[in-house]
Ligand code: DHK
């Protein structure tokens, strides 16, 4: 829904509590930490609100709302709650990362173009020191040279790129694995 409050906005929908609670009863991840809910922050950078109509040959036909819904569903199935947000503003993304300390257990970030420019996002991720995973829809190593360098690389546990919307779901699997190890 490009242009809508949800696509443009600060806070897209968090995992509904009732779904989340049901998922915790059934997932093996959740059984290991019955009384500790893990929550992840999924951040999206500039122009990702235009997914679906933006260069679909590169970024696919799924809208950001489609990706959000798939992420919330995936996270819920793994017993995680997910807060999915998008901003076109670097400072807003920095603020959300700073606020994540103490509120979230991990971060998944597609910083989009800021991946290749932002020392501020890198420093924010290093400052909060939460486990973080970098995500890209496209294979940034198979495109223009300037996309091959990520400023976020040293601040994240790993990167998933090139699988379209599936990159986000693979990253949720990865962060669930990391958080599961952390709670062992
Ligand atoms: C998205 C963007 O907007 C680009 O600026 C990045 C990334 C790649 C992606 O593939 O998700 O270079």
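Note: Cβ is positioned from N, Cα and C throughout, glycine not excepted.
Quick look at what TrEMBL annotates:
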type     : residues                     : note
ACT_SITE : 59                           : active site, proton acceptor
ACT_SITE : 136                          : active site, proton donor
BINDING  : 110, 116, 123, 137, 138, 147 : substrate binding site
COMPBIAS : 19-28                        : compositional bias 'Basic and acidic residues'
REGION   : 1-28                         : region 'Disordered'
SITE     : 54                           : site 'Transition state stabilizer'
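Of all the binding-site residues listed here (110, 138), it is 138 whose C-beta has the fewest other C-beta atoms within 10 angstroms. By the rule that a residue counts when its Cβ sits under 6 Å from some atom of ligand 1, the recorded positions 110, 123, 136, 137, 147 yield 110, 136, 137, 147. Taking CA atoms as the reference points, residue 116 (substrate binding site) and residue 59 (active site, proton acceptor) are 17 Å apart. For the pair residue 54 (site 'Transition state stabilizer') and residue 137 (substrate binding site), the C-alpha distance works out to 12 angstrom. Largest CA to CA distance in the substrate binding set (110, 116, 123, 137, 138, 147): 24 Å, whole number. Considering other CB atoms within 10 Å as the measure, the emptiest surroundings among the recorded positions 136, 147 are those of 147. Geometry remark: residue 138 (substrate binding site) versus residue 59 (active site, proton acceptor), CA distance 6 Å. The shortest Cα-Cα distance between residue 59 (active site, proton acceptor) and any of the recorded positions 110, 123, 136, 137, 147 is the one to 137. Classification of residue 137 (substrate binding site) by DSSP places it in coil, neither helical nor stranded. Here the Cβ of residue 123 (substrate binding site) has 13 other Cβ atoms within 10 Å, regardless of which shown protein chain they belong to.
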